[in-house]
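Visitor: The domain 'Kinesin motor' annotation in TrEMBL covers 35-349. Residues annotated as ATP binding site in TrEMBL: G125, Q126, T127, G128, A129, G130, K131, T132.
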Amino acid sequence: MENQQLHELHEAHVRSFRAKMPVAPELKPPLSELQSTVVCRCRPLLPDHDNGSFQAVTTNGPNIYVHKEVSKAGLVDTTGKINSKKFQLHASTSDGDDQSIYDLFVQAVVEKSTAGGIGCVLAYGQTGAGKTHTIEAMMEIMFGTGIEIVAVSCFEIRSDEVHDLLNDGEELRVLTGAEGTDNIVGLKKVETVEGEVTEVVGRAKSLRSTASTNANDQSSRSHAFYTFFLPSGGSLTFVDLAGSENKADAISHSESENADERLKEMKEINKSLGDLKECIRLTLVNSKGGKQQHIPYRRSVLTRLLRTSLDVSPTSEVKTTFLCHVAPTRRSLPMTINSLNYAEQMVSATNAAREAAKFKGPEKWSPKMVASWVEKLDGGKYAKLAESMHMSGKIFQTMWLNDFIKRVCAAGGSEADGNYIYEKFHDLVAESKKKKKVKKVEEVTIEIVEGKKTGPKPDAAVMYGAGLSAACVENS
């Protein structure tokens, strides 16, 4: 069968699949309540770039379906049947409207920063999927809101080295401070007034490393960070990661003499992205409880500087939106599936961390969790005392009331404040112990009634073709 006929059959089956899709389920909890949000953005087909390809990705609320033609013995099925593999994130979109992306997934991060917190918007995915377009569009929309920005710093990571994009690309060192945080020594921070930010960022973008490749005429060859400092003391960082590549995509179609250089860049980019994926994988492993695995953040400069943004716990100091970018084309499917696999792991880690926090008794809280609880108690009424609560839940639980009241008064609170916070915390401890007893009884009851429990069955993919639908499992 001719390729054009197969192409038309594939498109017809994708349209059939979409017509039968159920209404997208609502996310619980709402996106605004999540500390880490993972979103898939699928760019539209580009007439000048994607000729001869059918729309191989469908987005539907939190669900993403990747369509792949059925093949037998390496030969494509002549009926044009497709397998549709499902992924689930917090949200997804194939809408090309940048303003909608900002309103739905970025605005909450900006609001966190303007209130004095730390925000991060991070774009990743394969090369040519639209990451740089999205990050630049999000920054432009933010500038257009009239937000006040007092200073800007911009840098890129290239070949595991940091280069200052506001200081002629000067190479800088990354050192670990006394508190274990990694800092860039000598990074230039440019103070700005109204109307100057766009020019400053434009200057930084002009210094960023790019090159023409088969996949993208303006392919980013580095990871770029743009950080904006706000009057509230908050900060917001937009991260545009270089895209993962294969050999065919990395080589320039117009500069064959630079093929070795492009391939070297590809290996360095893929290595740093591989380190990031390993950190994501182990974050998921650790979020499930049990023996904690060492997460190798120090394996690359990229993971060292993204460490706080990868904290998916509900008490994380950073509110982050991860924008996973995929291309809609058939030829991009291996990269698309790889990107979505890791995005799904990030979602699983986020969900597991939220569930763990629900059942973690206050007596097991870390000092940061205790301080966060005090800060949010009664709508922030005792936020000014949070900094003085740097103690673990175990210490708080065993502390004498009078000693606690002295601590509160020393921090500027009253005796009544101390009594109230102390009583509320110990009420939580008692309630947590009661829930644990109930949970143990339920688990024993389930085991007696059902016997040995079995794990959930894997999601089935859906095959559409010749007017029929059947369940099948796709190995990819």
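Cβ coordinates are placed from backbone N, Cα and C, and glycine is handled just like the others.
TrEMBL labels come from automatic prediction, so no person has curated them.
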Visitor: If you draw a 10 Å sphere on the Cβ of T127 (ATP binding site), how many other Cβ atoms land inside?
Guide: 25
Visitor: Other Cβ atoms within 10 Å is the metric here; tell me which of the binding-site residues G125, G128, G130 scores highest.
Guide: G125
Visitor: Starting from the Cβ of K131 (ATP binding site), draw a 10 Å sphere and report how many other Cβ atoms land inside it.
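Guide: Its Cβ has 26 other Cβ atoms within 10 Å.
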